[in-house]
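Quick look at what TrEMBL annotates:
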type: DOMAIN; residues: A:71-181; note: domain '3-dehydroquinate synthase N-terminal'
type: BINDING; residues: A:G108, A:V109, A:V110, A:G111, A:D112, A:T132, A:T133, A:K144, A:K153, A:T171, A:L172, A:R173, A:T174; note: NAD(+) binding site
type: DOMAIN; residues: A:183-325; note: domain '3-dehydroquinate synthase C-terminal'
type: BINDING; residues: A:E186, A:H249, A:H266; note: Zn(2+) binding site
Number of protein chains: 2
Amino acid sequence: MMELKVDLGERSYPIYIGEGILDDIVDLFNKHRISKLSPILLVTDDQVAEFHLDKVLELLLKGGFQVVSSIIPAGEKSKSIAQFEDLITVAIESGLDRKSTVVALGGGVVGDLAGYVAASYMRGIAFVQIPTTILAHDSSVGGKVAVNHPLAKNIIGAFHQPELVLYDIATLRTLPERQIKAGLSEVIKHGFIRDADFVAWIDHNAYKLLELDSEALEFALYHGCRIKSIIVSQDERENNLRAILNLGHTIGHALEAVAKYNGLLHGEAISIGMVGAARLSVLLGNPEHIYTETKRILRKLGLPIQLPKQLDIDEIMVAMMHDKKFDSGRMTFIIPTEIGEVEISNQVTLEQVSQVLEQLKQEE
Amino acid sequence: MMELKVDLGERSYPIYIGEGILDDIVDLFNKHRISKLSPILLVTDDQVAEFHLDKVLELLLKGGFQVVSSIIPAGEKSKSIAQFEDLITVAIESGLDRKSTVVALGGGVVGDLAGYVAASYMRGIAFVQIPTTILAHDSSVGGKVAVNHPLAKNIIGAFHQPELVLYDIATLRTLPERQIKAGLSEVIKHGFIRDADFVAWIDHNAYKLLELDSEALEFALYHGCRIKSIIVSQDERENNLRAILNLGHTIGHALEAVAKYNGLLHGEAISIGMVGAARLSVLLGNPEHIYTETKRILRKLGLPIQLPKQLDIDEIMVAMMHDKKFDSGRMTFIIPTEIGEVEISNQVTLEQVSQVLEQLKQEE
Ligand SMILES: NC(=O)c1ccc[n+]([C@@H]2O[C@H](COP(=O)([O-])OP(=O)(O)OC[C@H]3O[C@@H](n4cnc5c(N)ncnc54)[C@H](O)[C@@H]3O)[C@@H](O)[C@H]2O)c1
Ligand SMILES: NC(=O)c1ccc[n+]([C@@H]2O[C@H](COP(=O)([O-])OP(=O)(O)OC[C@H]3O[C@@H](n4cnc5c(N)ncnc54)[C@H](O)[C@@H]3O)[C@@H](O)[C@H]2O)c1
Ligand SMILES: [Zn+2]
Ligand SMILES: [Zn+2]
């Protein structure tokens, strides 16, 4: 088992990563003083529930915890105000109090939604993440929690750090292949932002990762989390630096919004977004290989690099302007300046963006 | 103009109190760097709008600010998830960005709702309070923001400190008489908690306060805010000490919930709750005059001291158990041990509570 400390002063917490560590859940909960006197709200989705809920429930109940579980429908659509309200109702009806804990068992959707419930219920109660997707390595660092609005993703939320994150690689074995690839998109994003060596390592180990090799995965998740945690520690509330984590997300979020949270997985949208950012980079005068390498490695991981032809460019542009990253009338892009390095730029014109979006439709 | 600094480290902010200081709004906004490049969302209710919106809008627009105003229906019912969602929609559609500010012009309802929008939109943007009720002196200190759930008051919320509070006594002159009295209930609550001299002063100046004498009001609001701010500075997140501010609220909130946020004003419910807490105090062995004095002064301020006879005691008991203050299976009460002193108690039995509720129906 590897342990990574996310360093945030009095809000610091550990991420435990390893094969089979769900078996240690009771010990870890005890170690972190998760209350046994107050009910726990365990949130998961119907797909994750099928594979992993019974085990978690059994362990916790045996360990002396009171647990109420709530199963939401799988998928991004559940990250809604309506679902948020339902969970709050369950929390009230189940008698959750200020010493209670919300536990998220699932991917980023369950994590973000349950996390926002934890952040808001009684103005904030304890929160534990048990990520079950590769992509959720990203959401398990940094405390961003949120739900979507029909007009914009993640627009309603908070910063709420968990007490601990318990990341059992064994749970990833039930993931559909497409989800594995989509998850690796955010792993390599962390390399593209800060660590050329990590990108090279992923390039070299791409097939092992796609096969969910235990050791490779532990290494990749640890490093992905580590890079993010270093950045987040320096800028918890995203005043500035933390924005670099949004590489690929300006375009990516807009694609998701226009595709109405259907059709494209988050990691897939981000993959296309990273190719777009690399193209913008070249347009701004950076070397061509940033674009070709970005594209080559993403393709090797089985990720999409082409903008779906049926999506309307103007709609995507409008969605981008609704995005949080559209600040004081300027669009903000994270631009790679080399493999493993990025900068925050306000220099990109609307025209350049729509040009790149057109080009993204032609990628092969 | 008086200025009170609420001391919360990097989240510190000033409360400006004075007759006619709305005229200085542009200067104060400039001083506190409220952005002119990003739209302001100004939230108010339909009653406050009638008297005060035009002036605020005109001043801000003249001062070069971009303002979108949104008028909600007056009343506690607007502190709902549905209203919250509507305001978020307005915020998105009006292009609010991370540098935008939400301004609350109104009483505690507008403040709590708009504050929760500010806390949640893009995970938190700037917030300014312009309280227009006496009661809102309470909500302008401490950063508690929230909406209600049909099953429990203030159950969904956050801590979100404003950039500044602008408290113009002139706006209070349009308040209905009943609202004035209800507001004074929370002012004297601060005296009951911490300051016997302030209670004596209020007792002495009760009629001036009820007539909205400018000087008396400025003094009372300043001192009410000051007492609260000292307590909040010591315990921002209500881990412990801050709970004493809930004097009268365990019973009071339950009354409001059972009366379905109708029929009883918050300050009125709290008045009855304070009489209840004083009765519990005597039941626990404290001197009788705590109860008789509490009751006498509240009555002098024109506040209700009797539990409405049609409310069902069992329903009130259930509502209390749903309350945030019902922690790990124990009911928490703030009990006066003298006029101007309180303690936090877990010693009260359910039987004592229902006995006191019965007695509260007999008060005269
Ligand atoms: N908070 C953050 O910092 C942050 C960072 C990145 C992404 N996100 C959010 O995360 C979300 C995407 O996360 P995600 O890709 O994990 O989505 P997800 O939670 O929807 O999971 C993807 C799918 O896999 C299924 N699944 C999950 N675990 C499984 C398992 N072990 N076995 C079988 N099926 C399983 C789910 O039921 C779902 O259908 C987005 O909403 C995104 O905004 C948040
Ligand atoms: N956040 C906190 O710390 C805190 C503290 C105390 C109370 N509260 C909350 O505050 C709310 C009660 O506040 P309130 O009593 O101010 O309620 P309110 O905002 O509903 O105002 C009371 C009524 O007076 C009207 N009004 C307001 N200002 C007026 C003016 N200047 N002239 C004419 N009419 C005016 C309003 O339209 C409303 O009808 C409750 O929801 C309570 O939970 C919050
Ligand atoms: Zn992402
Ligand atoms: Zn109150």
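Quick reminder: no glycine exception, Cβ is built from N, Cα and C everywhere.
Note that TrEMBL annotation is computational and uncurated.
In this structure, the CA atom of A:D112 (NAD(+) binding site) is 13 Å away from the CA atom of A:H266 (Zn(2+) binding site). Per DSSP, the domain '3-dehydroquinate synthase C-terminal' (A:183-325) is made up of 104 helix, 0 strand, 39 coil. The Cβ of A:H266 (Zn(2+) binding site) lies under 8 Å from the Cβ of A:E76, A:G108, A:L135, A:A182, A:G252, A:E256, each on the same chain and at least six residues away in sequence. A simple way to gauge crowding: the CB of A:V110 (NAD(+) binding site) has 28 other CB atoms within 10 angstroms, across all the protein chains here. Cα separation, A:V110 (NAD(+) binding site) to A:E186 (Zn(2+) binding site), rounded: 17 Å. A:E186 (Zn(2+) binding site) has A:T133 as its nearest neighbour among the binding-site residues A:T133, A:K153, A:L172, A:T174, going by CA to CA distance. For the binding-site residues shown (A:D112, A:E186), fewest C-beta neighbours within 10 angstroms: A:D112. Listed in chain order, the residues near the Zn(2+) site other than A:E186, A:H249, A:H266 are A:L135, A:D138, A:S185, A:K189, A:G248, A:G252, A:G267, A:A269, A:I270, A:G273, each with its Cβ within 8 Å of the site Cβ centroid. With DSSP classes pooled into helix, strand and coil, the tally for the domain '3-dehydroquinate synthase N-terminal' (A:71-181) is 44 helix, 34 strand, 33 coil. In this structure, the C-alpha atom of A:T133 (NAD(+) binding site) lies 19 angstrom from that of A:H249 (Zn(2+) binding site). Closest to A:H249 (Zn(2+) binding site) in space, going by CA atoms and restricting to the binding-site residues A:K153, A:L172, A:T174, is A:K153. In this structure, the binding-site residues under consideration are A:G108, A:K153, A:L172, A:T174, A:H249, and the one with the smallest number of other Cβ atoms within 10 Å of its Cβ is A:T174. There are 26 other Cβ atoms within 10 Å of the Cβ belonging to A:T133 (NAD(+) binding site).
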